[in-house]
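TrEMBL annotations:
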type    : residues       : note
BINDING : MET45, GLY194  : substrate binding site
BINDING : ARG121, THR167 : ATP binding site
Amino acid sequence: MNVLNVISTLEKVRQVNPLVHNITNVVVTNFTANGLLALGASPVMAYAKEEVADMAKIAGALVLNIGTLNEMEVEAMLIAGKSANENKVPVIFDPVGAGATLYRTETARKIVKEVNISMIRGNAAEVANVIGENWDIKGVDAGEGNGDVLMLAKKAAQQLGTIVVITGKDDIVTDGQTTYVIHNGHPLLTKVTGTGCLLTSVIGAFAAVESNLLNAAAAALVSYGVAAEIAASKTAHDGPGSFQMAFLNALSNIQKEDISELGRVEQV
Ligand code: ATP
Ligand code: TZP
Ligand code: MG
Ligand code: MG
């Protein structure tokens with residue numbers, strides 16, 4: 001994985017315009033749809049248990065996000081996940097707030113048990129809580145924690161048999177053997193709600209066009225982080241509102257030269 005792979009995978013997303021089926025939370029729905037459109041993917045949100053199997057089957061990727069979960073939605077996620085599995089559609093899981101309440105933790109564990117998840121993306125606390133490690137969490141934001149995040153990511157990948165993405169100041173992606181650290185992004189991303197959730201869906205868009213899912217996730221993380229840096233360079237003096245708009249623009253306008261110049265991916 002290098003910046004050239006990132007560029008070619010981003011170009012493929014724009015060419016293919018993959019359908020990404022999201023079962024996500026009420027906070028981030030509109031931002032997620034707009035972010036995927038800006039990137040060059042095709043978003044759809046579908047939640048009814050009567051239709052999710054059909055929608056997941058025709059999608060390039062299925063994204064499950066438990067940010068504002070309830071029983072009906074969880075039932076739909078399990079139906080959609082199983083349909084995606086039967087139809088070889090990659091499933092990306094965002095365990096928003098796992099560890100904050102027993103219901104979230106138990107639901108996240110149920111989803112990874114009953115659905116064959118291709119990738120899980122969360123902050124360190126969420127991933128730790130899914131695999132039964134102790135890590136503080138405050139609501140949907142990562143707590144301080146004091147563990148080794150690299151070790152945590154590898155352990156989670158091995159335990160869950162899936163690719164694990166843990167984000168924060170630096171982002172980690174691992175299959176338990178090969179591990180990349182991505183040094184892109186900007187602190188303003190933490191001041192706009194849904195930037196983690198949108199990232200999970202963006203990883204879905206990349207997974208829809210690149211069958212090497214480790215490379216797909218790394219390419220998504222670099223592209224996303226570089227877009228944030230470009231947006232911040234134009235708006236940091238104003239604040240999160242302007243940044244959010246500039247970030248959508250940057251997802252749409254990001255060029256291969258930007259990735260060559262700013263992309264920072266390291267194998268560790
Ligand atoms: P949390 O609830 O802990 O904020 P999240 O689900 O919102 O988690 P983040 O970890 O914030 O997800 O990741 C979303 C994006 O923000 C990623 O691209 C990540 O690299 C970026 N990011 C998060 N914190 C920072 C930071 N301090 N500096 C630069 N980029 C960051
Ligand atoms: N509450 C429930 S879901 C949600 C909030 C604030 C959005 C979380 O989004 P992100 O991407 O994890 O910051
Ligand atoms: Mg965040
Ligand atoms: Mg999140």
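Cβ atoms are placed via backbone N, Cα and C, with glycine included.
Everything TrEMBL records as a feature, shown here on the structure.
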residue: MET45; record: substrate binding site; DSSP (3 states): strand
residue: ARG121; record: ATP binding site; DSSP (3 states): strand
residue: THR167; record: ATP binding site; DSSP (3 states): strand
residue: GLY194; record: substrate binding site; DSSP (3 states): coil
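In sequence order, HIS21, ASN22, ILE23, THR24, THR29, THR32, ALA33 constitute the residues six or more apart from MET45 (substrate binding site) in its chain with CB-CB distances below 8 Å. Within 10 Å of the Cβ of ARG121 (ATP binding site) there are 30 other Cβ atoms, across all protein chains.
Cβ neighbour count within 10 Å across all protein chains ranks THR167 highest among the binding-site residues THR167, GLY194.
Taking MET45, ARG121, THR167, GLY194 as the candidate binding-site residues, the subset whose CB lies under 6 angstroms from any atom of ligand 1 consists of THR167. Less than 6 Å separates the Cβ from ligand 2 in the case of GLY194, drawn from the binding-site residues MET45, THR167, GLY194 in sequence order.
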